[in-house]
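J.: Would you mind keeping the following structure in view while I ask a few things?
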């Protein structure tokens, strides 16, 4: 789960991490009060969306002006003007895709006098099963670009969970960033606080870009991006309360209500499969035969008729879906349950695209019988290869 920048900074503030003061606003009329509360003389007005590249982004609407999603204001009137322009406008960045995202909230923050910009992040390194620090002197820009152009400017190290964070980790960050004396001590303290927050809140990623050294000689987190382990949210009600569903895919939200593993993709063939491995294999073979999947959907091992019906409805709600492939290998999952769910869903929502069903495993004959006698226009398949070819050919014929 992701949260907004201003929410991430509030979390960091709980752990004593130095961040700039600011106020979120949801209406343009709130901008003046926020600016006056901060005092000035310089403010930063930041679009709050779940995507990076906001500063270099562009708004679709001409009324939003030609500046990016992060703007420097030198007067209260300028703060008010920016709020009026940016709120409810559509911001397009390198991470939003061409559709962009609507800006429904802004963060008005005090300006900072910046001497140097750095990059610092923590993430779960799956290769080592440890928390990894990624550090660079090249802050305020895309770390992907730095990794591509000057990889030698990125340093990373992992933390042994048996020892936890230690003083030498902080010194490693300070040395990488070229910090000495008082600034080195600040870096050591910051590293400990960030690691503590990362563990305490079950984060998957914490990115500070940029981490700045101000002209007053202080380290400050000027931006913050966080994502959390969804499986751990049950023990973090405070974090779960920060969820902004308007930033998420509506189909993925609906799928989560039924404990379905669903991810929207940009293809045209909807997939319903049980098991993540089989789901990925199904997506691969669709690609092999020249088309692309519209989603990843794993209904799990013990899905009920209602769960299968919900899954089918979610797939058909996607206007990009031109065909559907259901691929079930029944172990714990029974093929007749899948068949009943599919039939119920089709009768409820209708079927305007080709549907191929491949069933194998527990109660397979009963499942095939249910499909056969349903009166629905369903193409049966004997195996995965057969199923993929049939759905691809069927979609091409319709097109």
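From the backbone N, Cα and C atoms, a Cβ is placed for every residue, glycine too.
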J.: Per Swiss-Prot, which of 46, 101 sits in the ATP site along with 53, 54, 55, 109, 112, 117?
T.: 46
J.: Among 261, 274, 393, which residue does Swiss-Prot annotate as binding substrate together with 331, 332, 333?
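T.: Answer per Swiss-Prot: 274.
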J.: Around residue 117 (ATP binding site), how many other CB atoms lie within 10 A of its CB?
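T.: Other Cβ atoms within 10 Å of residue 117 (ATP binding site): 17.
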J.: With Cβ-Cβ distance below 8 Å and at least 6 positions apart along the chain, what are the contacts of residue 209 (Mg(2+) binding site)? List them in sequence order.
T.: 119, 120, 121, 139, 140, 143, 223, 225
J.: With the substrate site defined by the record as 274, 331, 332, 333, how many Å span the farthest pair of C-alpha atoms?
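T.: Across 274, 331, 332, 333, the widest Cα separation comes out at 10 Å.
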J.: Max CA to CA distance in Å over the ATP-binding set 46, 53, 54, 55, 109, 112, 117?
T.: 20
J.: If you count the other Cβ atoms within 10 Å of each Cβ, which of the binding-site residues 46, 54 comes out on top?
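T.: Compared across 46, 54, the most Cβ atoms within 10 Å surround 46.
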